[in-house]
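Take this structure, written in structure tokens, and hold onto it; I'll ask about it next.
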């Protein structure tokens, strides 16, 4: 009988990432786990719709036995079965993040018995989660270098709090893993500013682009008007293409927050990234830990290890026979498999 892993959901950043990573790793390794204190560090602890959808999606994909899978639950037991490829569809039923549900189940499908397609409906532009364009333009090219081939398509936008978006990913089983080396980002090649609008006046986008252009020499400026029924919503993004990596930063517009303030938040975030020689931004770092651990080798540099990153590493080390090393030098932290 396989050993049961016991996790404390209050450890580290105390959010949903502990649960999502545990589900992914449990499906991959076949190790069951229990988790208590789910999202104990959040104002509204326990399973929200997005987390419950991730649990049910994971259970369906690997025929798991689950206890505690209900809204508000702070305890879960998950006994995985065999991962099977297929065509899967999951609905969150709110503006909860589609990409975070995908992030939970796709790693298991890298080891499935055949290709798969996963479609999730819910929120696509959520201030607390990476948008589909981040997955498509930043994460997936890096996964391809590791030997992981998946392709994400945004079928319909769904802004917070209304939702109604749809994201789909096609994924193939991995045949072999490669080592990812991201020590330096290299020189900047292009800066792209982009604004999405749905049911919001165009002058909002023009003011956001102007705020970005006042701080950066943009090589591209794009405004995309979406159908009104996909809104109301607004997201402003800035993509930094360097020689060795493309990073993408975004801010979701909010009611009663001016276009200038929204764009200024993005400017601050991008400047913080560019002020360090590190290759990887804070949010991308979280998402490289699992694929790098599965490959058994690799490294990247990040300006500062976030609590999210450290928590994710701790969970990965509970399930896999790997150890991460973090070394600070020359203004960056080098994260590697020891």
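Glycine residues also receive a Cβ, built from the backbone N, Cα and C atoms like all the rest.
According to Swiss-Prot, the protein carries these features:
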- 103, 283, 284, 285, 286, 287: ATP binding site (BINDING)
- 308: active site, tele-AMP-histidine intermediate (ACT_SITE)
Which whole-number value in Å describes the distance between the Cα atoms of residue 283 (ATP binding site) and residue 308 (active site, tele-AMP-histidine intermediate)?
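Here the two Cα atoms lie 9 Å apart.
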Around the recorded ATP site, report the further residues of that chain (criterion: Cβ within 8 Å of the mean position of the Cβ atoms of 103, 283, 284, 285, 286, 287; site residues excluded), sequence-ordered.
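Counting only non-site residues, the set is 130, 139, 282, 288, 289, 308.
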Between the Cα atoms of residue 284 (ATP binding site) and the residue listed as 'active site, tele-AMP-histidine intermediate', what distance do you get, rounded to the nearest Å?
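Distance (Cα to Cα, whole Å): 11 Å.
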By a simple count, how many Cβ atoms lie within 10 Å of the Cβ of residue 284 (ATP binding site), its own Cβ left out?
23
Whose Cβ, among the binding-site residues 103, 287, has more other Cβ atoms within 10 Å than any of the rest?
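The most densely surrounded of these binding-site residues is 103.
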Which of the three DSSP states, helix, strand or coil, fits residue 287 (ATP binding site)?
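In three-state terms, residue 287 (ATP binding site) counts as helix.
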Calculate the distance in Å between the alpha carbons (Cα) of residue 285 (ATP binding site) and residue 308 (active site, tele-AMP-histidine intermediate), and round it to a whole number.
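Cα-Cα, rounded: 9 Å.
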To the nearest whole angstrom, state the Cα distance for the pair residue 286 (ATP binding site) and the residue listed as 'active site, tele-AMP-histidine intermediate'.
7
Among all protein chains shown, how many Cβ atoms are found within 10 Å of the Cβ of residue 286 (ATP binding site), not counting that one?
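Neighbour count, Cβ to Cβ under the 10 Å cut-off: 23.
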Measure from the CA atom of residue 308 (active site, tele-AMP-histidine intermediate) to the CA atom of residue 103 (ATP binding site) and give the result in Å, rounded to a whole number.
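Pair distance, Cα basis, whole Å: 15 Å.
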